[in-house]
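These features come from Swiss-Prot:
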ACT_SITE  Cys72  active site, proton donor
ACT_SITE  Cys218  active site, proton acceptor
BINDING   Asn13, Gln45, Asn63, Gly73, Asn74, Asn158, Asn191, Glu209, Arg210, Gly219, Thr220  substrate binding site
Amino acid sequence: MDIKAFKMDGLGNDFVIIDQRSQDFNLDKDQIIKICDRSFIGCDQLILIKKNKEIDANVEFFNSDGSISGACGNGTRCVADLLSKESGKKEITLLTTSGSLKSKILGNNLVETEIGIPKVNWQEIPLSKQLDTQDLKIEIIDRNNTKHIGGIAINVGNPHIIFFVDDIEAFDLKNIGPKIENHPLFPEKCNVTLAKVINRNLIKVKVWERGAGLTKACGTAACATAVAANINNLVEKTTDIEFVLGSLTISIDERNSIHMKGPVSDIKNINIKL
């Protein structure tokens with residue numbers, strides 16, 4: 001089977017995007033895993049674009065382990081840019097399993113997406129039992145065997161836990177990430193972020209992405225981190241979240257809705273042979 005696809009990324013968070021509006025086929029879990037495997041094509045997530053007569057398109061997100069992801073901020077921005085270049089429209093609306101997302105094309109490869117209102121109640125994360133989502137009291141241990149207890153849970157289309165620490169490099173996230181992702185407190189697993197507040201307009205982060213592992217960037221993690229920092233009055237309503245290859249600007253408006261702005265890569269056409 002020959003598949004026409006696109007490769008894009010947002011700050012190194014990379015995607016294989018397949019437009020199923022013009023290609024009639026289905027992919028099973030094993031095929032998704034193969035496409036995402038970096039010994040084959042390779043990506044953090046695979047994205048399917050599907051027809052929608054009411055809005056621009058439906059999108060489905062799959063992690064590199066073949067699992068479904070309810071939301072993907074950087075992926076949404078990439079698809080919005082792709083469809084904008086196809087249609088000439090400067091505003092793109094996409095329907096995801098987590099709801100409708102609107103994006104604005106700002107030029108110079110910048111795209112802003114409204115992610116919506118975050119969820120902070122324990123049932124909405126969801127957690128397996130009732131706890132204070134602003135202090136989960138989960139223990140993580142740094143490279144010096146020093147224990148740190150905390151964790152803030154936020155759902156921005158998918159579940160996240162954020163640990164604010166003094167030094168994000170003091171932790172082995174490759175070791176900690178899968179343990180927290182699969183913690184019994186999270187029945188749907190979770191994304192794990194280590195965050196250091198630099199000032200009231202900047203936070204540095206490292207992310208372990210649910211179903212994908214260590215990633216260079218994660219849009220929803222940036223959103224969840226900004227929300228958690230705002231709740232605790234650590235930053236302003238607009239703040240930059242810095243990853244290895246650059247930053248996303250996260251703003252929280254008067255309705256408490258999250259807006260994410262950042263760059264997307266150029267579009268690369270690829271062919272996949274399965």
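One is the number of the first residue shown, and numbering goes on along the chain from there.
Backbone N, Cα and C define each Cβ position, glycine as well.
Quick caveat, the model's predicted, so the values are computed rather than measured.
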Here the binding-site residues are Asn13, Asn63, Asn74, Asn191, Thr220; which one has the lowest number of other Cβ atoms no more than 10 Å from its Cβ? Asn63
Only counting partners 6 or more residues apart, tell me which same-chain residues put their Cβ under 8 Å from the Cβ of the residue listed as 'active site, proton donor'. Phe15, Gln45, Ile47, Phe61, Thr96, Gly219, Thr220
Can you tell me the CA-to-CA distance separating Arg210 (substrate binding site) and Cys218 (active site, proton acceptor), as a whole number of Å? 10
Reduced DSSP assignment, Asn13 (substrate binding site): strand
Record lists Asn13, Gln45, Asn63, Gly73, Asn74, Asn158, Asn191, Glu209, Arg210, Gly219, Thr220 as binding substrate; longest Cα-Cα distance in Å? 17
DSSP secondary structure for Asn63 (substrate binding site), reduced to helix/strand/coil, please. strand
When you measure from the Cβ of the residue listed as 'active site, proton acceptor', how many other Cβ atoms are you left with inside 10 Å? 32
Going by Cα-Cα distance, which of the binding-site residues (Asn13, Asn63, Asn191) sits nearest to the residue listed as 'active site, proton acceptor'? Asn13
